[in-house]
Amino acid sequence: MLAMAASAEETNRQSNAGRRSVISPSEAPPEAEQSDVYQAPPPGLKEWLFILILCSTQLFVQGAFGYILIPLHIVGQTFGQGPSEATRMTWHVGGYSLTVGTFILIAGKLGDLYGSKRILVLGWAWFGVWSVIGGCSAFTHSPVFFDTARALQGIGPALLLPNALAIAGRTYPPGKKKNMIFSAFAVAAPLGCFTAGVVGSVFAQYVWWPWVMWTYSIGCFIIAAVGLWVIPSDYPRCQKAATLQFDYIGSVLGVAGLLLLNISWNQAPIDGWSTPYVYVLLIGGFLVLGLFELQERRAPGIRSWINFAMCLLWIQQCSSRQGPSQGILPALATPYLMAVITSGWLMAIACAAFLGGCILQSTAPVEQSYWMNTFWSFVIMAWGMDISFPASTTILSDAVPVKHQGASASLVNTVINYSIAIGLGIAGTVEAEVSHQGVNQLRGYRAALWSSVGLAALAFGIALVFAVCTFQEQRSSRKSSQEREQRACIEGCILGLTLTPDREWERVELGRLLSHVSQTGGLRSQSV
């Protein structure tokens, strides 16, 4: 009995040690471990503003993608680009997604080390400044200047996304409220892209397209100012020790490798793979990423979100239509799905949605109504996006300590935004080669869409294997846990009976039962 009491006391001590508390930053000592402490959310109305600011990051980031993508042909006319130069116009969108997906890799870690609030406010200010400059590039009539401004504009969202998720992850412990906030963050993605596409199209059609960039820049500056007031301060930390923890070599290798690889894929449709610098950049990118792999030992898969970027661009160019905000419903449903379905099967369902939507797009007849294959493909693929994003961010956020929330958010956002950027390059390459540089555009569009089907099928296969393996591991883990509990219960009973010599027959029976458990691997219902 003494041993049982000691074991129970040790279990309680470990449980209390692992429990994470929620306190305000002012109450936390400077040496407090962030892995053990959650920040207290702002009180009252400020908490609603706090959540709104965090969700606005996704709204504005995807908005900056949509307000150029939808009126892309009008934007191209400003720089003297017609329909025959569609492959060159992909840089107006791809340059932005390139830096978003690349610099996210290090932005989350910077927030972990120097304060997510500081990096978030800096990101809003950077986003606003380069939105103004991007709009002013229309006066230069230089597509190179505009693409450069768009690429630099993308650094702002790269700073915003992981640090917004990190702040939410440090503020709300695992639970229903956290799941709802992360799902609201996901809702902002389709809503932001759709509304910005509408607003951008209206400005481009009736006013002038740079005005949408200038309008959004005003919003960036306002949110930065409100964020300084609403967002709680980060915990104090030793800046020197934090600097020593930053992996400068891995950061440089990761960013450089992703940049080289993406530039080569997006330039290939323009100049062709036979151009020496294109394949030199590709080879160099793979070599640098190989060095990064040796440095970091981390290589996430990015196939699913690639095919959505392919479909969205080529459907927009081919049919001149935009998808409505079908992504809101699945994002709101995800918290409830996460409560009843394991993460592995959720990811398999998401990849199946990507695959089904891509197949519908690839097989759509030319003169078919928008409300047939095209509409339903958007509806189905929305479930893929809005299940995979909140599920993966919530799973990673719950799995890592509070002090590493920024790094985990960077991982998910790097996968999404970089895949969008490189997906445009892959689709452009396939389209240019199959259509013979625009001779047969429909054939090229079909080929680009079917390539997305192949990538989605590969992603679904990997997700299905992961789901089955995860299910087997969980079942084995539950069985082992039950066996340990049964054995501990019997051993405790035997130990208690040793203190009462007059109950020898019960001790003998329990000993036989314990031997049976050891031989068969578990208790039978009859024995119980």
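Keep in mind that glycine also has a Cβ here, set from the backbone N, Cα and C atoms.
Among the features that Swiss-Prot reports, N-linked glycosylation site is placed at Asn262, with the record citing sequence analysis. The annotation region 'Disordered' is assigned in Swiss-Prot to 1-37. The transmembrane segment annotation in Swiss-Prot covers 50-70, 91-111, 119-139, 149-169, 180-200, 211-231, 241-261, 272-292, 340-360, 375-395, 410-430, 448-468.
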The residue listed as 'N-linked glycosylation site' - helix vs strand vs coil (DSSP): helix
Closest-packing stretch to the transmembrane segment (375-395), where packing means Cβ pairs under 8 Å, from 91-111, 149-169, 180-200, 211-231, 340-360: 340-360
Proximity verdict for the transmembrane segment (211-231) and the transmembrane segment (340-360), three or more C-beta pairs under 8 Å: no
Recorded stretch that, among 340-360, 410-430, 448-468, has the most CB pairs under 8 Å to the transmembrane segment (91-111): 410-430
Top Cβ-contact partner of the transmembrane segment (340-360) among 149-169, 180-200, 410-430, 448-468 (pairs under 8 Å): 448-468
